[in-house]
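What TrEMBL says about this protein:
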| type | residues | note |
| --- | --- | --- |
| ACT_SITE | E351 | active site, proton donor |
| ACT_SITE | H382 | active site |
| ACT_SITE | K493 | active site |
Amino acid sequence: MDTLANDDTWQRLWASREAIARQSINGLFAEDAARFDAFSLTAAGILFDYSKQPLSRATRDRLLALARAREVARLRDAMLAGEPINRSEGRAVLHTALRVPAGEIGWAGPDIAREVEDTRSRMAELAEAIRTGRRTGATGQPIEHVINIGIGGSDLGPRLVLEALAPLADGPSVHFVANVDGVELQRAMACCDPERTLVLVVSKSFGTVETMANAHEAMAWLRRRVPADDVLERQVMAVTANLERVSELGLDPALALPMWDWVGGRYSLWSAVGFAIMLGIGPSAFAELLAGAHAMDRHFSEAPLDSNMPVLMGLVSVLNGTLLGRRSQAVVPYTERLGRLSAYLQQLVMESNGKSVDRDGRSISLPTAAAIWGQTGTPGQHAFFQALHQGTDVVPVDFVGVARPVAGEHGDPLELTANLFAQSQALMQGRGDPGMAAERHCPGNRPSNTLLLEALTPSSLGALIALYEHRTFVEAAIWGINAFDQFGVELGKVLATDLKPLIAGGQAPDGVDGSTAGLIARYRDWRG
Ligand SMILES: O=P(O)(O)OC[C@H]1O[C@](O)(CO)[C@@H](O)[C@@H]1O
C-alpha cells in the first residue's frame, strides 16, 4: 500500500468519507452565520471562496492535519530553496526564482538570482529595441509580427497570457504555432509580411519534432521571401535550455535566449519562454505579471497552512478527487479573456500529477489528478451545465470571475456576474419543491470554488497562474508524487518515430498490432 493510504490522518478522513459525501452544504451555512468569512480568504488580489464545499470546520482540521503529516511545508521550502526535488531527473524546481523582483536575492540564493536577472535584462533590452524599431528585420523594416513556434509549455502559457491581456497589447502582433498539421503556420504566414516578421523558436529541449518541423518551414518561408542573406540571423531567435542544438537549425547560439533545466516546460512562461509576452505587452507589464506571481509565492511560502490559499485549494481538490472519487473538475472563467485557462491547466495539472507511482517508485492505490476541462461562462452554461446540475457525476467547479471590467470593453458586467454567482448558488441549493416532476428536480449539494479577481491585470493574472501552480504542488505533496517529470509523454513520441517509415513506406507493416496495421493500410489506401 502506498504511503498516503497508510497515513493515519488519511485513514481518519477515509473513515468519515460517507458522512462528508452526505454533508449538506446548505446545512453548513444554516449552522454557521460566519461561514463565508471562515471559508474564504484574499491574497495577491484574489478572493478564494471555498465555502460551497462539503467542509465542516472539523473536516478542514482533518485535511490540515493531513497536510502536516504529508510535510507540505517542508517540501514547499525544499522546492523554494532549490533542492533537487525532481529526483527522477536530478533537478531543482525553481520557477519561483524567475519571479523574484530585480535587486532581491530570493529563496534560491545569489547565483540563481544573478542568472535570472541577467537574462531578464537581456530580454528587456532586446524587446525594447524591437518594439521601438531600433532593431529591424534584415531589410531594415520594423518588426510588426512575431510567430511563436513552440508546443506544450513553450506555447500554452504565453498564449494564455497574451489572450488574457490583449487590451494591453502595444507591440508587434503575436501569432502562435503549436500543431504540426500546418494550419496555424499557414494562417500566420498568410497574415504576416515576411520582411516585418520575427520568428521565435521556443523549445526547452530544442528537440521536439513538431516545433522543429514548423521552424524549418517558417525559416524556408523567410529565406524564400526576404531578399537578404542574413535573414535568419536577424529574424529568427531561439529560446532554449539546450544551446548546443541551436546550431543544428542553422541559428547562432550566441543570439539565443537561455532557459534552464531547473524550469519545467509547463512552469516556464516566466522565463525567456515568455519573450513573446514581453514583445506583445512590453517589459513593464511583463514585470507586473512576475510581481503578481511573486506575491502569490510569498503568500504560499509565508502564510500559515490554515490561511494559505494554494494549500487550502489543494486540500479541497484532494477531498473531492481522491477522497470522494470525483474524477473530473471543471474550470469556468466568466470572461472570454481567460478562454485558454482550461487548456493551460490541462497541461499544468495533468502532465504534473497524472501519475500512478510516487516519488519513490511505489504504486499509488488512490486516485491522483482528476481530468480538467471547461470553457467560458456564460457559453458553457448553454453547453455542459445541464450535466453539472443534473448529471449522475458530481463535478466540482472552479468559477473564475473578474470584478472590474476591462476599460474600453463593452458587454454587460452585471449580467455576467449575476450568472456567475447564480450558477454556484444553483449547484449548491438545487431545486426540489414538493410535487415537482422528477425531470425538473436538481439534487443540489454540488461543490464549487469561486475565485474572484479584483481586475484582470498582469499582476492578478500572474497571481492566478501561480496559485494553480502551487495548488498542483500541494496535491502532489499529499499524493507523494514528483510533479516535475513527464515520462508518460515519451512513449507516444518514440512510437511515432518508429511508425513514420512504416506509414510512408511501400512494404507491409510487419511487427505492429492488428489495429495499427489496419489503420496504416486504410490510410495508405485513402491517401493514394
Ligand atoms: O519545450 P519543449 O522541449 O519543446 O517541450 C514541449 C513540451 O513537450 C513536453 O515535453 C511533453 O508534452 C512538455 O512537457 C513540454 O512543455
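Quick reminder: no glycine exception, Cβ is built from N, Cα and C everywhere.
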Lowest local Cβ density (other Cβ within 10 Å) among active-site residues: H382, K493: H382
Long-range Cβ environment of the residue listed as 'active site, proton donor', under 8 Å and at least 6 residues apart: G152, R266, Q486, V489
Rounded Cα separation (Å) that holds between K493 (active site) and H382 (active site): 37
